[in-house]
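Listed in TrEMBL:
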- Ser348: active site, nucleophile (ACT_SITE)
- His188, His297, Glu499, Tyr538: Zn(2+) binding site (BINDING)
- 54-71: compositional bias 'Low complexity' (COMPBIAS)
- 12-33: transmembrane segment (TRANSMEM)
Amino acid sequence: MAKRTFSTLEMFLIFLLIMMTAITVALLSLLFITSGTIENHKDSGSHVFSTTLGPTATQSPTATQGPTATQGSTATQASLVTCTPEPPLFQNFSGYHIGVGRADCTGQVADINLMGYGKSGQNARGILTRLYSRAFIVAEPDGSNRIVFVSVDIGMVSQRLRLEVLNRLQSKYGSLYRRDNVILSGTHTHSGPAGYFQYTVFVIASEGFSNRTFEYMVTGIVKSIEIAHTNMKPGKIFINKGNVDGAQINRSPHSYLQNPQSERARYSSNTDKEMVVLKMVDLNGDDLGLISWFAIHPVSMNNSNHLVNSDNMGYASYLFEQEKNRGYLPGEGPYVAAFASSNLGDVSPNILGPHCINTGDSCDNANSTCPIGGPNMCIAMGPGRDMLDSTQIIGRTIYQRAKAKTCKPALGYSFAAGTIDGVGGLNFTQGTKEGDPFWDTIRDQILGKPSEEIKECHKPKPILLHTGELSKPHPWHPDIVDVQIITLGSLAITAIPGELTTMSGRRLREAVQAEFALYGMQNMTVVISGLCNVYTHYITTYEEYQAQRYEAASTIYGPHTLSAYIQLFRGLAKAIATDTVANLSRGPEPPFFKQLITPLIPNIVDRAPIGRTFGDVLQPAKLEYRVGEVAEVIFVGANPKNSAENWTRQTFLTVEQYEAASASWQTVYNDASWETRFYWHKGLLGQSNATIEWHIPDTAQPGIYRIKYFGHNRKQDILKPAVILSFEGTSSAFEVVTT
């Protein structure tokens, strides 16, 4: 056969096809960038109320398809409360049964995307801290009414995650824990594994559905609730509020300025500085746990990080629990402290603000872009010398304040630009109000053209991805969304299925407070609990939407989204206040899809180098270290994701001290300790190494120590199924001395 030759035109078309394929992959990788009826007794302060509503997607003349939208009204201003060293408790709810529980929900720590920034290549390669589910159950003494609030160290709660948790709770407890009295809230760490979603836009961003991680998370959440259920005892609940300074900035101040000046003048800051703390004690006054709500993005760990961790809010929990659970390792002990998300949509912990990393100049402008290098060079940082230092500074600030106090969905172009906390992978800029012919053509060829209806509805947002009109292989975004309010005495917890901006949170909070007051429930404290039950991206005010920065472009139900939520939450507040919860429609059940895209990274057999076995030491520890130094050991490793399938050990490492009196080794640190690091280095043909670091703190006692590594390797013989085998490695002993 004669050799086939190609014309110039054919070569050009082949080149164009290859380029379009590459661009398609890049575009899809950008799809996610961040970044029941219960008796109501108003007369008594010791009752639990809960209600939920799952609205169908209905049409409104002024809104997109999604939650029904009307113009929401604002209410009177909530007074600001300053923080004092030891503030008096101004609420005391007695007569409850209280249970708290905590369980590991880490999932994979390798070969999986980290969920939040949407940065291509930001896969997990080890662990800095474990991720935990923290559950709190509050019930009336006769058990008639109860609620469950769970704060989980993950990016956000997916609808699939919630549905499976509820299904397993029903299997074990019957109708005790239900859709209407259980709230699951994500802390929004951007350093947790992805892969636990069912809607296509998130599945693509996760590079597939990871049943391994999904099962680990579900099991951890359910276990935390089971522990709380088992540990229930009579107790009291106290609530307090105060301001936190020096921990946050508004990352979209130009959007905030779009809100009416008369409204902005009522507040002293463009962020919500108020922290609400719910403290739980038993009848003897002994501490059981606490929940704190504060508006801040857990993005102190930036998009160059590859270690799974819980970021600044998790560090606050770590400090509080370590203080209360003295003598226990991290993740152990009876006291549970949750630092939950609130209206954090436009709030950053990187308080030094955005600067061009190539010149050092400020890039705090409407488009968050630099004169040289564009938006990719504009990144916010601080307050520490690096991201680990910043995480601990912000986390400690939050901890100390809590300790001192008791439309159809569519994504716009600016969503692909990312934020000053983590820019996108391509040269999109924030504030974009016009489409780009190049990207429009790519979208139209691959996904089809957006309808005129959705383009008109979302104005001034230019449509990059018309996700509300995409349904293959499954819907790309949810069109059934739960909204939920739970009340404890004069505290109302609003479960928000997304990220409210500062002003959106203020408007919703005031509207709910006003609705309660209108129907006789005065002086209610309304808490915004974010990222609950299902994720629907961001919720801006109508005015902020016009600026089309990242948060507005990610408001997927259009410019009237906030008004729709305000209407729905006012309806729930009225139903609670008027004792008409039984008249509310539950709405349809969300779907649970069966077939999802499998992970793009395959499972392969682990192999040790010739002459070596898993757990062998490749680089030993030194004979002696001083406090402040780093002890490092390198082992023959195996893929850490195997450990998410085998729960024989819930740590990858321990640091152990020799106790002469008992002639035994005692564990003093594990992989949930902030003093340790576990790095996994992937090699070729199934080979890999594991590096364990112990950053020896000043508090370390002089003595003899060793480091242990715990792993699991995948083995598969010919014509046999794969098996997961456990192994461990131990370093030589070394001495720690003081300076």
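Keep in mind that glycine also has a Cβ here, set from the backbone N, Cα and C atoms.
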Same chain, |i - j| six or more, Cβ under 8 Å of Tyr538 (Zn(2+) binding site); the result in sequence order is Gly345, Gly498, Glu499, Leu500, Thr501, Tyr550, Glu551, Ala552, Ser554, Thr555, Ile556
Relative to the Cβ position of His297 (Zn(2+) binding site), how many further Cβ atoms are located within 10 Å?
-> 28
Distance between His297 (Zn(2+) binding site) and Ser348 (active site, nucleophile) at the Cα atoms, whole Å?
-> 5
Smallest number of other CB atoms within 10 Å: among the recorded positions Ser348, Glu499, that is Ser348
Near the Cβ of His188 (Zn(2+) binding site), how many other Cβ atoms are there if near means within 10 Å?
-> 28
At the level of the C-alpha atoms, what whole-angstrom distance separates His188 (Zn(2+) binding site) and Ser348 (active site, nucleophile)?
-> 12
